[in-house]
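Quick notes on the structure that follows.
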Amino acid sequence: MVVRGMARAFAYPRLELTRCSLLRRLVKHRAFQFMLILPNLAVFVLVLVAAFLGTPVGNRNFAIIFVWIVWWAALIILLIPLAGRIWCAMCPIPAPGEWLQRLAIVTRRPGRPFTLGLSWPRALRNIWLQNGTFLAVALFSALILTRPLATGIVLALFIGLALLLSLLFERRVFCRYVCPVGGFIGLYAMVAPLELRVKDPQVCVTHKEKDCLRGNAEGYPCPWMAYPGNLWRNIDCGLCTECLKACPKENVGIFLRPFGQDLLLARAPGWKGRSLDEAYKAFIMLSCALIYSAVYIGPWGFLKEWANLSDPAGFALYATGFLGVNLIGLPGVFLIAVALARWIARAGIPLRRLFVELAYALVPLGLTGWIAFTLSFVLVNISYAIPLLSDPLGRGWDLLGTASHPWTPYIPELVPLLQLPVLWLGLVVSIGLAFRIAQQNLGDAAKARRALLPIASFMTLIVLLFQRLYLG
Amino acid sequence: MGAMKGWEWLARGLVLSVLVGLPLSLWAADRVWNGSARWWIAQIPESGGWQPPTLEVQAGEEIRLRVTSADVVHGLSIPGLGISVTVEPGKVREIRLRPERPGRYRAICTVVCSPRHGEMIAELVVRPPGGGPIPEITAAPDGAFLFQTYCAACHGPQGEGKIGPPLNAAGRVPQMDEATLRAIIRQGRPGTAMPAWGDRLSSEEIEALIRFLRELSQEPSRP
């Protein structure tokens, strides 16, 4: 079952899960994605009803607890690290737009889609817009994460925007280029040990019809506008399985693989290589994990007040600091570390190139930073979900008899013991990845080792900062 | 192809159920749990105070009054009906009452909830069964109840002092004449947290409160 080294791009062991006939039949079924989306759509509707009509008290409202604690924890601790973009496959937000575009929910309807079908502007075919939308949401997180109405408005805006874009543009441009959540899921999905890929790229080269791109009676053309024959990284694939359905050569599968393979990829056919927009996504995510840890867990109550918009001048200061750290502060310090690395290694590679390349080494550290941050509140607050099963809107119901279940923090004393290994694991993996990337760019191991010193120091400093915030 | 058509219709039915049926089910569940219950939602005056500011009911009608707080801990007191409960954020407190006497009953917050706590005032209007004018309530006010309702949050339940000064024997009430006490209650103490109660308490209520303060300040201090 293990397929080794099919082509240069798959020079790692892979286990094809879709060789299991039951799983293959399931994912090839046209209702597969719908079956994933439907339960989430139901939860999403409940979230919107609770957000707009339920109690404004955050910890008594389904929208706040189930989105920002239950869903978030499941996403960041389980779904992304283990299954990459699997959430994108089951996300209900783009579904109404896509169904409208196709004028069908499950079936493959032939003919023109219901959309103006505009092409997404070339200048925006990157994740800069997603970086911007994420920063915009993250800046107001103290409001959005605690006020049901704010959560409802943001989610309603997402679904409205996704619907509008699907009517104007071809396929899923919202998911691919706009969604603030999809942006970071894509980045961190590159760590995951699950991938949808072609089995043999050579088959795609010789197959002229390109059903995966054009669609056929079995499947729609790739909604993510990817060509599976040149699909090397999880960031570009929403796991919708349309290509798997459409491929007449049965050349697409879902594979298990070692963690983080996409981050090791230096070049591949049809891929322009590591880019500044994705590098910045890595900085933004790492900065936000640090800032959130400081604001929500740190001892500085005034920061929380500022972030909460309780004082306009304070919020202006917070916003300046927040954007400054995200866009200039952390990338700036990293740039200094990279310049030092370049000088120590006497490397001829342009500074900007090395800066972008090495920024990808921050991805594992960023992900573990987010997992550690999430651990800080999920075990303490998850019990809020129990009464909400009986009273999702905070209207005094008791459907399942759990409405008066008290708030119960679970093993709070063990949280730091979980956070520290996670952070240090991220550090070790990131340093290892930085070495591999340095080696790719500098040519030999000795230079890479020398270049590693300032980069590893930067990463260690970040982990020590997290540690200081979590342990006090 | 026929099988797929079946799937398509099933999917459409399921989506419709979720988009329409689920909100309807939630509405129905709310009808079952809350039925004809009347709601009072407390929030600090800066966010709007009691919502709604006025509740109207019929005399003799049994009411399920559900009270909740949208922000911090509040207290609901309706002195004229002998109701006093604590209201915690997000928790729903149900009070069953059957007000027999028509009139306008003042409802206030008994927990210091914000700098403008004194403005947390609402009204329960009990209408006569056959309609007609709403009579004024003329029963003699109870000074002890008024104290617990309006004063105890700051001055302590025994008048021992909290964020406000003591009003028992240890305080300065024994040295004050009635005119001074009346003026302080009516106009408040500018520059302190003591609000002006003149527009919220009637003259009879203020006099009843002064009588109670006199009794309280003559008793030996209680711990």
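Glycine is no exception: its Cβ is also placed from the backbone N, Cα and C atoms.
Positions annotated as domain '4Fe-4S ferredoxin-type' by TrEMBL: A:66-103, A:153-189. What TrEMBL lists as transmembrane segment is A:34-55, A:61-80, A:127-145, A:151-169, A:282-303, A:315-341, A:362-386, A:417-439, A:451-470.
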Residue counts (helix, strand, coil, in that order) that DSSP gives for the domain '4Fe-4S ferredoxin-type' (A:66-103): 31 helix, 0 strand, 7 coil
The transmembrane segment (A:282-303) and the transmembrane segment (A:61-80) contact flag, 3+ Cβ pairs under 8 angstroms: no
Residues in the domain '4Fe-4S ferredoxin-type' (A:153-189) grouped by DSSP into helix, strand and remaining coil: 32 helix, 1 strand, 4 coil
Interface present between the transmembrane segment (A:451-470) and the transmembrane segment (A:362-386) (three or more C-beta pairs under 8 A): yes
In contact by Cβ distance (the transmembrane segment (A:151-169), the transmembrane segment (A:34-55); 3 or more pairs under 8 Å): yes
Confidence summary for the domain '4Fe-4S ferredoxin-type' (A:66-103), mean pLDDT rounded: 97
Sequence-remote partners of the transmembrane segment (A:417-439) [C-beta within less than 8 Å, at least six residues beyond its ends]: 260, 263-264, 266, 341, 345, 357-358, 360-369, 371-372, 375-376, 445, 447-449, 451-452, 455-456, 459-460, 463, 466-467, 470-471
Outside the transmembrane segment (A:315-341), six or more residues from its ends: residues with CB under 8 Å to it: 135, 138-139, 280, 283-284, 286-288, 290-291, 303, 306-307, 309, 347, 351, 354-355, 358-359, 362, 438, 450-455, 457-458
